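Reading through the structure tokens given below for one structure.
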Amino acid sequence: RMSRLAVGEIREMSGNDTVEGEMWNKACFLSRLVASSVRVSQSAGDLIKGILARGELGVIDKGSESVYDPQTEADRAAQYLIVQSLHKKFKDICIIGEEEKVSAVEVLEDGASQDVLSLSFPSDLSSIEESNDVVVWVDPLDGTTELARAKDKTSVETLQQVTVLIGIAYKGSIVGGVIHQPWSFPEGKSRTVWAVKGLGVHGIDVASQKKEKVIVTTRSHGTATVEEALQELKRRGLSTSVERVGGAGFKVLKVLEGSAAYVFASPGCKKWDTAAPQAVLEAAGGTLTDISGRPLVYSSDIQKNNSGGVLATSPWVNHSEYLSALPDALKQSLPEFLPRK
């Protein structure tokens, strides 16, 4: 699967690469970008697994005195791998990653997913050209808290919450994304879920309607406003139970696999947390907005915080029902934009 490229090296095409090369030459820009993102997410997942297996997490706290915000060597190395691999091919796009501090790796990923390259892109997408109107939002390791807590390196129940997120926006709107899960439940095998606007979601079986309305929410960033939202949904019969898990990517996978909604009535979630999950959820027929129903904007100059919170609903529930159930006072406490300092 891997088609690696040492930094500064020019890769010779092998026989195996010929088919991929021919497909690449015929593909539009966005197809190439999504195809490359799929492969680079998989390489990042392998890198994360290797760092954990070697016990070389090197955890630091990049948070404030009141908020624990861990960062590991896996975050730092995975971001370098993703950003440098994509920029090597696509020099004119804008890439925004979560981590300010990164760790160089010797080998980049130069491959592209043939599954993506084989798709026929509609004209509105195939006409998109490489430019800084294309913004790639990268969370190299969503669920760092879970990875750092995984004392048992084989605990799939904990490690399944870790994902690699690459979301692609054009002129502020999401057009594609990848959620790579290095450890999926129950066997701990990796899986890659990806989507392109209008071309469906790939790599996951989307659940149909369920009797139970399970709400997934944050495990480690709970607030009074989060609890208020959950209580109101329960009172209105829109929630039968609540499951608290880590990682925005994992929460949206849970919504695709049978949970009714992901509710986060707090300003703590960032654009790199929601870009890829939104692409995947919307391609499956679900909806992701802030808790007031406003669309999230992903242009490069936008604030990083989703200060209006996040409401993500599965394809089988009515998004507007969940929106209208949330109290107006709660919505007013979570404005679309934070005041500029």
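The count begins at 1 with the first shown residue.
Even glycines carry a Cβ here, placed using N, Cα and C.
Annotated in TrEMBL:
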- Glu98, Asp139, Leu141, Asp142, Asp273: Mg(2+) binding site (BINDING)
Fill in the blank from the handout: Counting other C-beta atoms within 10 angstroms, the emptiest spot among the binding-site residues Glu98, Asp139 is Glu98
Fill in the blank from the handout: Counting only residues outside Glu98, Asp139, Leu141, Asp142, Asp273 in the same chain, those with C-beta within 8 angstroms of the Mg(2+) site's C-beta centroid are Asp75, Val138, Pro140, Gly143, Thr144, Thr163, Val164, Leu165, Gly247, Ala248, Gly249, Lys270, Trp272
Problem - Chain-internal residues, separated by at least six, CB under 8 A from Asp273 (Mg(2+) binding site) - result: Asp139, Asp142, Leu165, Ala248, Gly249, Asn306
Handout entry: Cβ-Cβ neighbours of Asp142 (Mg(2+) binding site) (radius 10 Å)
Key = 27
Practice task
Could you list the residues of the same chain, at least six apart in sequence, whose Cβ is under 8 A from the Cβ of Leu141 (Mg(2+) binding site)?
Solution key: Ala44, Ile48, Thr72, Ala74, Asp75, Ala78, Leu147, Val162, Thr163, Val164
